[in-house]
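Q: Before anything else, here's the structure in question.
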Amino acid sequence: MKIKAQLFFLAGFTVLLLASCKRPAVSRQVISLNGEWQLAKTNGALPVRYTSVVPVPGLVDLAAPSVDTAGALYKGGWYWYKRRFDLADTSFDIIRLKVFKARYHTKVYINDQYVGENLYSFTPAYFDLKPYVKANAINSIIIGVGCRDQLPDTIQNGHDYEIDRYIPGIYDEVELTLAHKPFIRNVQCAPDIHKKKVRVLAEIESNTSKGWDIGYTVTEKTGGRKVAKGRVPPLIMQKGAEDITADFEINIPDAHLWTPESPFLYELTLHTRADSKKVTFGMRSFRFNPQKGVALLNEKTTYLLGTNVAFNRFLEDADRGTLPWNKEWVAKLISRYKTMNWQMVRFHIGPVPEQWYQLCDSLGMMVQDEFPISGKQLQPLRSTQLTEEFRRWMRERWNHPCVVIWDANNESTTPETGKAINEVRHLDLSNRPWENGWAKPATETDPIESHPYLFITYFMGNKPSEQGYKKDLFSYVSEDLNDANANSRELIPKGMERFPNVRFINEYGWLWLNRNGTITRLTEPVYKTLWNNNRLTPEERLYIYARHLAMETEYWRAHRQTAGVMHFCGLGYSRPGQPPGETSDNFSDVKALTFDPSFYKYVKSAFAPVGLMIDVWEKQYPALGRLQVPVSITNDRETTFKQELALTLLKDNKVVSVLRQQVTVDGYQVKVVPFNIELPAVEGNYLLKAAIVLDGEKYSVYGICPSLANDQAVTQKMIE
């Protein structure tokens, strides 16, 4: 049993210990085991022969030649990865294997000797290899992974009703660490932007009770400029202890704060007399303000505009290949998101490879990190088991400045996640907020996820009224946002209509199309009811999708019901064949990361930092009449927006009339500007376009204004 030692400050011994605190010539070594591995499949026994090769990281369906039939559902069997490595020196105190993430159920053998196993699929696994490796010899390593259905029902398996195959594999990095003790096992950096300090909690394994100290250096990640340097007073291990925790603060003068616009990073190097470890961190804070109903990044109001990555669904996409492990492709993906005016991404129902978090840190993309629990569970959930899985998850992620929200589940109402949250929250010294799906929020300062799928009513078989679906959906401000207030099993506090927590939308739409413009399983009734789907071309469907998703985005932003609006989804699968998919993303070419042109045109403007909404939803208007058109201007910025707003009436892409007004909107405010327009005598389908220029770029939003026409006929293309 491990005993935690305490930190003792022995100033009288400092000089003596400093003089003797020389690190050995051989310090920590980290050996990457990524690359090509051999692969074989069996029913459980170790293979006799390995007939295929497969990349690590990756999945087993990348094996060449394939060990399964095309489209396999991976219901059983074991997949064995094998490679060799050479160690010239095995005298290190620590020889530790880290499998960053592998699914499902990992077993490790070294030189044909069983080392250990790990049941968890979404957090790292560590294995002590020292008793098994041979010096100055070729060592063989075998890592086996099983299939999802073979896991015990108490272990989270990533259930998602949209996933069919659950392809196994080592889907993150593998590395070997060689080090001497005192060995720095884990470091947590917790920035304090007010005091301009970073608190450091370092867990250290030692094999001596003699005093020793820790040195540290903080540099700027880019450029390497030294920011701070010093030593922690000597540490004394208690008798019988195996490790010790050092808890200290470092001043960061003139701290440069991390933001999506300026993702500034620091690097902390810690060293004992025998070991050293580097950790990247950022100076930033993040919390929710329930009184104001907003998120605060570095104590400044920040409206959360972004998207979702359904990583595990993308793993079943026909075009996936090795893209998720291609650093340049992932960096480009994040950069493409930023061109859409998104500064936040939710990793939906499960984590991504570690490299993605590093890129979000350096490129400035905030992350809502969601644990793989979704909806009504088909397996029992126990808070005691979840507590351990949550603890492992947090330890791996807590130094990433990009990670601003821990997300315990998606659309689940179980009380077990809330219990686990309360058990682990204190471990995160940065005190990030926790989002708990549709269950009761764990504290009043935690947010609630909202999924107001307005168009789901037509999936359920309902029909629009005579006034038209736009009037039905958008002419009033909806209070029911499909969240814990409507779905939680636990009671809302007495005297309240809903939980007092901040709400933010991280899913909405219900308009999905496959990348080729065909309908999905969830949207066929919607397109059939509203737009006579069989008469539409793929291009017309994609246009309708983009226009209406933009409308919803503008609507939710303008009415300020929530602290953010996040589109679903920025990356998923496209499955037009059998079995048909339920959702999809908005790329026309996912390999090249090319957005559908209509989506890029209309949805990008809907997410502009200063957003517009044309608030007219009638089905038709009388010719030769007068119409007052309210245009909402949503300023998400701290600074005042002062600019010209133009409202243009178009027919057949030709300008009928233009009205202009100078507008001023204070920071973080919404202003409604009325325009009075004369409607023309000629009947037909017309378009209203509101436009501003922001940072030298033109942003336009559109409202359909048919004077005496059937609203459902409007699928014409427009040019600006």
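Yeah, the Cβs are placed from backbone N, Cα and C, and that goes for glycine too.
Heads up, TrEMBL stuff is auto-annotated, nobody curated it.
Pulled from TrEMBL, these are the listed features:
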DOMAIN    31-150  domain 'Glycosyl hydrolases family 2 sugar binding'
DOMAIN    183-284  domain 'Glycoside hydrolase family 2 immunoglobulin-like beta-sandwich'
DOMAIN    292-428  domain 'Glycoside hydrolase family 2 catalytic'
SIGNAL    1-19  signal peptide
Q: Quick one: mean pLDDT on the domain 'Glycosyl hydrolases family 2 sugar binding' (31-150)?
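A: For the domain 'Glycosyl hydrolases family 2 sugar binding' (31-150), the model's average pLDDT rounds to 97.
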Q: For the domain 'Glycoside hydrolase family 2 immunoglobulin-like beta-sandwich' (183-284), what are the DSSP-based totals of helix, strand and coil residues?
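A: DSSP composition of the domain 'Glycoside hydrolase family 2 immunoglobulin-like beta-sandwich' (183-284): 0 helix, 61 strand, 41 coil.
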Q: For the domain 'Glycoside hydrolase family 2 catalytic' (292-428), jot down how many residues DSSP puts in helix, in strand and in coil.
A: 57 helix, 29 strand, 51 coil
Q: Please spell out the DSSP helix, strand and coil residue counts for the domain 'Glycosyl hydrolases family 2 sugar binding' (31-150).
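A: Split into helix, strand and coil, the domain 'Glycosyl hydrolases family 2 sugar binding' (31-150) gives 6 helix, 57 strand, 57 coil.
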